[in-house]
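Here is what Swiss-Prot records for this protein:
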DISULFID  Cys68-Cys82  disulfide bond
DISULFID  Cys110-Cys123  disulfide bond
DISULFID  Cys117-Cys134  disulfide bond
DISULFID  Cys136-Cys145  disulfide bond
DISULFID  Cys271-Cys284  disulfide bond
DISULFID  Cys278-Cys293  disulfide bond
DISULFID  Cys295-Cys306  disulfide bond
DISULFID  Cys362-Cys375  disulfide bond
DISULFID  Cys377-Cys386  disulfide bond
DISULFID  Cys457-Cys471  disulfide bond
DISULFID  Cys550-Cys565  disulfide bond
DISULFID  Cys578-Cys587  disulfide bond
DOMAIN    64-104  domain 'EGF-like 1'
DOMAIN    106-146  domain 'EGF-like 2'
DOMAIN    267-307  domain 'EGF-like 3'
DOMAIN    353-387  domain 'EGF-like 4'
DOMAIN    453-488  domain 'EGF-like 5'
DOMAIN    546-588  domain 'EGF-like 6'
CARBOHYD  Asn552  N-linked glycosylation site
SIGNAL    1-19  signal peptide
Amino acid sequence: MIFVLTLVALCTAIHCPDGEVEVDGACYPSSCVFEDTVCNNHGTCTASVCRCDSGYSLGNQGCYPSICYLASDDVCNGHGKCVESEHGSYECSCDQGYINDYQVCVPEACYTEEGVCFGYGTCIQPTDGSAPYCRCYPANAGEKCTECSSEAVLIDGACVHKSCLTEFVPGETLVCNGLGRCMIMPFPNIHYVCSCYPYDGTFYNNTCIYNGCITEYNLYGITEVCSDRGICAGTRCVCDSGYNGPTCEYKVVDCEPGFVSAQETCYPEACISDESVCGGHGRCIWNNDGAACACNDGFVFYENTCIYASCIVNGIVCPHGTYDASMNPPRCICPTDYIGRNSVCYPSSCVTNSQTNPPQLCHSAGSCDFDTGVCSCNPTNSGPTCEECSSEATLIDGVCQPWSCIDERNPDALSVCSGKGTCIAYSGRDVFDVCYMCSCDSGYETVPGGICVPNSCVTASLIICSNRGTCTDGVCKCNEGYSGALCEWYQCPTGQTFVNNLCVHEECVTSYDDVAQTTSVCGGYGRCVEDDGSYKCSCRSDAKVIDGECVNESCITNSATNEVCSGHGKCNGYNCVCSVGYFGKHCNVKTL
């Protein structure tokens, strides 16, 4: 029996060829088998290679979520495990001594919130088991590269290598001559070069030369700067002694007092700015009365020179920018953190749509401080660029609308001013005191609660249908029991009449034939009480029941016969209301 079982086992065992491995009763190339599975159960083996499922990538450990293979071909760069998060996605769970930095397991010794080795170095992990450390780029130093080395200078919070610095003018140190950025280059050896801003500068002698300083060049590059008679410092030529002009092209001549050498000629000082005559866009005219520039078309005289008119905004030349007269036509050059449109430099931090002209600022929901680049939001908005709704507003059709203008009668379909008006901001006494109210269309009335209602449905006290109905197509549809154009009347049950906002049994109602056709309960001198299923008046002590109503004693002219107002009128309060043809206190005088 034992022999038979052994024979069966030998007959059913699978023997895979060399280079293949048995998995679940089948043979697969060993290159596709990981952790005793085929492609980690997240791919298929094709031509001895795992083709991973969507969202997975092939690495040294097989098919794993792509996010866990970001840094190397090892899962979590060999210092962690790929685990499923509580949200269903995957992430690296790093080993002790390592920190997850955007799904890369970084040694704590190299980690900073600003990046690995502060973003200015490489984390070295020795193979001999010694502690990891930061190898800083030449411009940086310190345990985690957070300091500047002796080869660099701290400028605007960054360590700039001295090879990128220029100081053509004593005391005026510029990064790449103020026209570029200092970039690190890894090959062939780590070094720094200037990357010049397009249209502003050209790389020359390891710095950026302002294009307006270039006086000669050929197919191979720049051959002459500032006419070889000066240096280009920033956006201007600083000429050698004895020369002047925008590119040092003129010799200086001796001039009389009040005159200045320009273009190798003497001109009145009133026409000279930056050593040019009228900015190169006009003629200098002078006589015994003085001197001034006659500017070309499109230019205006401004502080001894001719300025391109489009570059002057509110009386200021290129606010927050630099006027570049070397261009044709001249233009405003904005700093790197500003965006230029129509000679205006807008802070980039405020610009929320650069495709419009002028660009949209602060999502059109606030004002931008051009000096600080900070948005001051309207009361309806909040956030760095006013992109969110404040607690005083809600989002409707992409716009933060103030609650004071929102019709909330239908919570599932909020509307602004009921769709029949415009929400207007009104300023209070304080500049920051702003309130919002609906300005309704013609034929509509503004009602508290952001509601615009047809005039025909609103009472004098701005109540819709007297709070007793709904307004539909300009007509009040009254609730049950009410009537009238504004639902102002209450419909009493049969046998009752509406008197003084109450339903009163008709047996107790007194009517008067006066001009106002007034009514009262029991003549105003009693109350209506039930008596064996019917109703009657119960009078005050100074009144008497006569014909079912309470009559004040001052109106009774014969108590024995219950005569009221001499039989020619009715009592209304303390007075007689005489019938036609009679007058007098007790209606006892007949009209002639």
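Cβ coordinates come from backbone N, Cα and C, glycine included.
What you are looking at is a predicted structure, and each value in this text was computed from that prediction instead of being measured.
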Residue among disulfide-bonded residues Cys136, Cys284, Cys293 with Cα closest to the Cα of Cys471 (disulfide bond): Cys293
Highest CB neighbour count within 10 A among the disulfide-bonded residues Cys82, Cys386, Cys471? Cys386
Which of Cys284, Cys306, the listed disulfide-bonded residues, has fewest other Cβ atoms within 10 Å: Cys284
For Cys377 (disulfide bond), what residues in its own chain, 6 or more apart in sequence, show a Cβ-Cβ distance under 8 Å? Cys362, Ala365, Gly366, Gly383, Cys386, Ser390
So Cys293 (disulfide bond), by the Cβ count within 10 Å over all chains shown, scores 27
If you draw a 10 Å sphere around the Cβ of Cys565 (disulfide bond), how many other Cβ atoms fall inside it, taking every protein chain shown into account? 24
For Cys587 (disulfide bond), what residues in its own chain, 6 or more apart in sequence, show a Cβ-Cβ distance under 8 Å? Cys565, Ser566, Gly567, His568, Gly569, Cys576, Cys578, Ser579
Report, in whole Å, the straight Cα-to-Cα distance of Cys136 (disulfide bond) from Cys271 (disulfide bond). 54
What DSSP reports for the domain 'EGF-like 2' (106-146) is 7 helix, 12 strand, 22 coil
Which disulfide-bonded residues (Cys136, Cys278, Cys284) fall within 10 Å of Cys295 (disulfide bond) by Cα distance? Cys278, Cys284
Cys284 (disulfide bond): nearby recorded positions from Cys110, Cys117, Cys134, Cys145, Asn552, Cα cut-off 10 Å: none
Just give the helix, strand and coil counts over the domain 'EGF-like 4' (353-387), going by DSSP. 3 helix, 13 strand, 19 coil
What is the Cβ neighbour count of Cys68 (disulfide bond) at a 10 Å cut-off, with all protein chains included? 26
Work out how many Å separate Cys82 (disulfide bond) and Cys110 (disulfide bond) at their Cα atoms, rounded off. 22
Integer Å distance between the CA atoms belonging to Cys145 (disulfide bond) and Cys123 (disulfide bond): 10
Neighbouring disulfide-bonded residues, C-alpha within 10 angstroms of Cys278 (disulfide bond) - of Cys136, Cys306, Cys457, Cys550: Cys306
